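Okay, structure first, notes after.
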Amino acid sequence: MSEVSRDENMRGTSDGIGSQAQFLESELDTEFVVETFIEAIKDDDLKVVKEVVESGAIDINKDCIDELPGLHWACIKNRFSIAKFLIRRGANVNQTAGPERATALHWAARYGHVYIVDLLLKHGANPTLIDGQGLNILHFSVYSSNIMLVVYVLYFVVSNNNNVDIDSRDYNNRTPLLWAAYQGDFLTVELLLKFGATVALTDNRGFNALHCALVGGDQRAICDLILSGANFYERNNQKQDCFDLAKGMGTKALFEQALQHHGYDKLGNQKDKIFKKNSHSQLMIFLSPFALMIYTYLISLILSPPLAIALSLLVIVVTVNSLKKFVLPSLTRKNIYKVSLVRTPFFSGLFMSTFSFLLFIWVKKLYPYSVFDYTAKDAQLLITSLFTFVLFLKLVRSDPGCLKMDDSTTPVRETINQLIQIGKYDRNNFCVETLERKPLRSKYSLFSGALVARFNHYCPWVYNDIGLKNHKLFMFFAFSVQYEMFLFMWLCLEYFKKTNHIYEQVEEYAKCTFLKNETLCKGSNYDPSTFFLFIWISMNFVWLGGMLIVQCFQIFKGITSPELYALIKEERKAEALNLIPFENPIFSIPNGKNRDTVPEDPNATTVTHTISIDSLEPRNRRHAILDACFSMVGLNQWVVTFKEMLGISNLLRGNSQPRHNHSLLRNFLVANHWKTNLTDFWLNSDVTAPLWQRFFYSSDTSKAMLGGVEVDYYQLYELPAREGEPISSN
């Protein structure tokens, strides 16, 4: 057949069912029919596929082109409807094809298509078959880097008596753990280790899992393997141990950091722990800020302010580095792979030391000279301090709303099956860390090691997560601290005005070089210790004030900090791509490594775009780095909040005309009227209780108000509808 006539017939296949039937009735060569059939599968043209199969023009078990049959191509291209149709029409799900003699199940697993894998297994696909390289379904699942598929295979194949070993080897003796470590896929590494994968096994090159992780270059995977007892000194066939390999692969710094985090020196020798008990290490870290406060106070009494500041900063740096080097290695690593001072009681100790020193200065210096003139302010400071202390203790010990984990296998299988049936088996609806269905607005916390309902943020000042059950308590605490700092600053300023009368000085106080305010100048010269505390309190007052504005704005809008971060992220992507942000950006897929594949259908979700910093222009790259720094201290939230409050989101970007006529939050999924949002947050769901009790008491259950309706946040899988709208779900 000529190429021209073939092209004409090919064009005829797109003219509808009638023209296709006419095409099939004509006497065309089998190769062209097969070619048309395969192209229809690749293009997801179910009508053409059905027409070809139902006409009998092709045998679906003998339809190979490029050595792969139609079912294989449907699995490769994630054509769920076509694969389902072909299986129902009798396609052999265990047919091997291609140079490596792989089955359709192997191809579906290789590309991470969870729903196709589930379809094939439920229709008799044999998970124990291997391809020409000795790879089975578990190897291919790991290779896909789709953690959702790995979870599925581990629960429905490996642990379901299907004779697929967690340590199954390919013809190069590589286990799934070796593959995952080599790819730097820490989620898969952690999951395989949880299922009992053996760390000590090596491949034909003599590489163990830690060798592979050093090649992969993911620090969390390296840390997981170190914690699991990987051998640092084992040599591969090239006589390289982990230290040699790390040096050659450029991952030496990562390896040394991982060793340090887990109590080893740079040579891999176990360092002696200063504290044998974890509680002793935490107590030492908590008390260290008290020592710093006392030192700063004493040194300010005997040295000039500039010298006192310099020495204080030096001691702070030495103390922090000493804690990192000697005390942090003594801490038990339970839920986090990398311990930093932020995840220790250091900042809660810093808060308490500041709080204690504030009261000390007030009692020793401020109160004696304000008791008669400002009795009311002193009384308020005392009451607020007591209130703050009680709230602090309650917050440290509070439950943020952690969901209880169920480690048994059966509920996990049931949950996965349920999510697959409703088309929601993905990272947005299933937590791979706790292996349970993820309620809306919940988030996994590394600190708590659990899903936290209506998670807001981790607060180092109270050494706890802030979520459903303690968020209102946290707001009371923050307002109390802010008012206490305001009272202290006010009393300090009044005290500074009297310092030249309080302290007998022969000469008038020295002129200030930088401080032009007479009151502050008196304070810095006559009482440096109180002045230093005043400056420290003032800095915290400004920072906490900004945080309170952001928190109040979020409460006003009915969103949480992670949801605001997601909105900021999507807004930046939209700005870079000249797109409108998603109407539901909270539940977008974060990146390619954690991707989830769902069946192709008309209701498929929008693809999330990703942008690499390396691909940006130098100017934009600098902006990206600054944005990352701002996000660490919450400045990005401040900026977005003020922009939204003032309605100048587009003008601040330099655009005279907005690209889209809605604010960042207008299409937020759970946006309700501001009055509803306020009552949802400040009043618990017990409508039978008095109003004052609903306001001051947080609920100790998982139930709370959302959109004016009581919901169970532990079982929140659908959002209450906004007024005049249908119910939304994730």
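Glycine is treated like the rest: Cβ placed from N, Cα and C.
Small disclaimer: the values here were computed from a predicted structure and weren't measured.
What Swiss-Prot lists as repeat 'ANK 1' is 32-62. Under DSSP, the residues of the repeat 'ANK 1' (32-62) split into helix, strand and coil as follows: 20 helix, 0 strand, 11 coil.
The repeat 'ANK 3' annotation in Swiss-Prot covers 100-129. With a threshold of 8 Å between CB atoms, the same-chain residues lying at least 6 positions outside the repeat 'ANK 3' (100-129) that come near it are 71-72, 74-76, 78, 80, 83-84, 87, 93-94, 135-137, 140-141, 143-146, 148-149, 152-153, 156-157, 162-164, 420, 423, 425, 595-599.
Under the heading repeat 'ANK 4', Swiss-Prot lists 133-166. Counting same-chain residues at least six beyond the ends of the repeat 'ANK 4' (133-166), those with a Cβ under 8 angstroms from any Cβ of the stretch are 100, 105-106, 109-114, 117-118, 121, 127, 172, 174, 176, 179-180, 183, 185, 187-188, 191-192, 195-197, 409, 412-413, 416, 425-427, 430, 432, 435, 592-597.
Through the fold, the repeat 'ANK 5' (172-201) approaches residues 133-134, 138-139, 141-143, 145, 147, 150-151, 154, 158-159, 166, 207-210, 212-213, 215-218, 220-221, 224-225, 228-231, 432, 593-594 of its own chain, all at least 6 residues removed from its boundaries and within a Cβ separation under 8 Å. According to Swiss-Prot, the feature repeat 'ANK 5' maps to 172-201.
Look at Swiss-Prot and you will find 205-234 tagged as repeat 'ANK 6'. Here the repeat 'ANK 6' (205-234) has long-range neighbours at 172, 175, 177-186, 189-190, 193, 199, 240-243, 245-246, 249-251, 254-255, 257-259, 261-262, 264, 268, 333, 337-338, meaning same-chain residues at least 6 beyond its ends whose C-beta is under 8 angstroms from one of its own.
Look at Swiss-Prot and you will find 283-303 (among others) tagged as transmembrane segment. Among residues of the same chain six or more beyond the transmembrane segment (283-303), those with a C-beta under 8 A of the stretch's C-beta atoms are 275, 311-312, 315-316, 319, 323, 327-328, 341, 344-346, 348-350, 352-354, 356-357, 528-529, 532.
Residues annotated as transmembrane segment in Swiss-Prot: 309-328 (among others).
For 344-364 (among others), the entry in Swiss-Prot reads transmembrane segment. Here the transmembrane segment (344-364) has Cβ contacts under 8 Å with residues 282-283, 285-290, 292-293, 297, 323, 328, 331, 378, 381, 385, 388-389, 392, 396, 460-463, 484, 488, 491, 529-530, 533, 536-537, 540 of the same chain, all six or more residues outside its ends.
Annotated transmembrane segment per Swiss-Prot: 376-396 (among others), in sequence order.
When pLDDT values are averaged over the domain 'DHHC' (429-479), the model yields 94. According to Swiss-Prot, the domain 'DHHC' annotation covers 429-479, on the basis of sequence analysis.
Its own atom aside, the Cβ of CYS459 (active site, S-palmitoyl cysteine intermediate) has 22 Cβ atoms within 10 angstroms in the protein chains shown. CYS459 (active site, S-palmitoyl cysteine intermediate) carries a strand DSSP state (E or B). The feature active site, S-palmitoyl cysteine intermediate is assigned by Swiss-Prot to CYS459.
What Swiss-Prot lists as transmembrane segment is 473-493 (among others). Distant neighbours of the transmembrane segment (473-493): 358, 362, 366, 370, 374, 377-378, 380-381, 384-385, 387-388, 391-392, 394-395, 398, 456, 459, 462, 466, 519, 523, 530, 533-534, 537-538, 540-541, 544-545, 547-548, 551, 555, 698; these residues of the same chain sit at least 6 beyond its ends, with a Cβ under 8 Å from one of its Cβ atoms.
The annotation transmembrane segment is assigned in Swiss-Prot to 530-550 (among others) on the grounds of sequence analysis.
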Residue counts (helix, strand, coil, in that order) that DSSP gives for the repeat 'ANK 6' (205-234): 17 helix, 0 strand, 13 coil
Tertiary contacts of the transmembrane segment (376-396) (same chain, 6+ residues out, Cβ under 8 Å): 348, 351-352, 355, 358-359, 362, 366-367, 370, 459, 462-464, 470, 473-474, 476-477, 480-481, 483-484, 487-488, 490-491
